[in-house]
Amino acid sequence: MNKEQEEILKLKEEKNAVILAHNYQTAPIQEIADFLGDSLELCITASQIEDADLVVFCGVDFMAETAAILNPKKKILIPDPQAECPMAHMLPAEEVKNYKNKYPQAQVVLYVNTLAESKAEADILCTSANAVQVVESLDADQILFGPDMNLASYVQKRTDKEIIPIPEEGYCYVHKMFNIGDVTFSRENYPDAEVLVHPECDAEVQEIADHILSTGGMMRHVAGSDRKNFLIGTEVDMVTRLRRENPDKIIYPLLDEAICENMKLHNLQKVKESLQEEKFQVTVPPEIAVKARIAVERMLEVI
Ligand code: 13P
Ligand code: SF4
């Protein structure tokens, strides 16, 4: 631990705070987090926080908002309020309403990567770890699913229900960077490696991978596998966590440039200031939070 990390740990104790961090955070933040995980694991953890007075969320806006939706009485802080997920902003609530009017028979499944106002329009939420299970749990045959078109197509291949992507072409700019050439080139260089990709990658990349997994799924897969070498097709700091926790394995990124700049807005200095000054508080208007919470809790019942 460096001096700044030690100061943060001391402050954390003084303020009775917990630090939650997504797997895409840098190593210095991963090291000071009380809990590190994928979107679903972070949702579950956020829903179980009882004793802490403050929660510092090192992730993008929709993740901190979800924690605020689940804990309306707790102070949820985000070290840099500019840390937004561009994909979440591709599906405004108005657009969800328009689609609902166009397809009145359909049920609405929204990826947790959405704005709170849009979540309030959903029947249920999902993450990349449980999207198929969530869709299968519904009694409708037609599903409005957004905003990630690649996750939508991943689900479509695994269900008989009709999946209608909303918007038609929502995407994550980080996972869009991967192409078939990255997989074939890397396989030539590392023929023994297993290729794991995230379902936000394009369909043709998913098709030639060995496994398609959420970031939490990647953690479990690598830890439980007899294989030694892995190529990871998601944000580069996933490799940081996999290497830290699996020192006996050889883990390479599929693409060094796959960096989520939005996640990287957080750093130790900002985490320290967030704790010291109790900023920046994430709040969701109560009328939106109440509706969004129903959709989040419904997902947590299905898992
Ligand atoms: P996970 O839920 O798999 O961690 O993914 C979150 C995310 O933002 C992927 O880009
Ligand atoms: Fe959003 Fe993509 Fe960053 Fe995930 S990696 S937070 S989906 S921009």
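Heads up, the Cβ atoms here are built off N, Cα and C, so glycines get one too.
Because TrEMBL annotations are produced automatically, they should be read as predictions rather than curated entries.
As the structure is a computational prediction, the values presented were derived from the model and not from experiment.
Just one of Thr45, Thr184, Thr215 is listed by TrEMBL for the same iminosuccinate site as His22, Ser39, Tyr111, Val112, Asn113, Ser128, His198, Pro199, Glu200, and that one is Thr215. With a cut-off of 6 Å between Cβ and the nearest atom of ligand 1, the binding-site residues Tyr111, Cys172, Glu200, Cys260 reduce to Cys172, Glu200. A Cβ distance below 6 Å to any atom of ligand 2 is met, among the binding-site residues Cys85, Tyr111, Asn113, Cys172, His198, Cys260, by Cys85, Asn113, Cys172, Cys260. The Cβ of His22 (iminosuccinate binding site) lies under 8 Å from the Cβ of Leu36, Gly37, Asp38, Ser39, Leu42, Cys58, Gly59, Val60, Met63, Thr215, Met263, each on the same chain and at least six residues away in sequence. It is 16 Å from the Cα atom of Cys85 ([4Fe-4S] cluster binding site) to that of His198 (iminosuccinate binding site). Around the Cβ of Cys172 ([4Fe-4S] cluster binding site), the same chain contributes Cys85, Pro86, Met87, Asn113, Asp148, Asn150, Glu200, each under 8 angstroms and 6 or more positions distant in sequence. Secondary structure at His198 (iminosuccinate binding site), taken from DSSP and collapsed to helix, strand or coil, is coil.
Take the CB of Asn113 (iminosuccinate binding site) and look out to 10 A: across all protein chains shown you find 29 other CB atoms.
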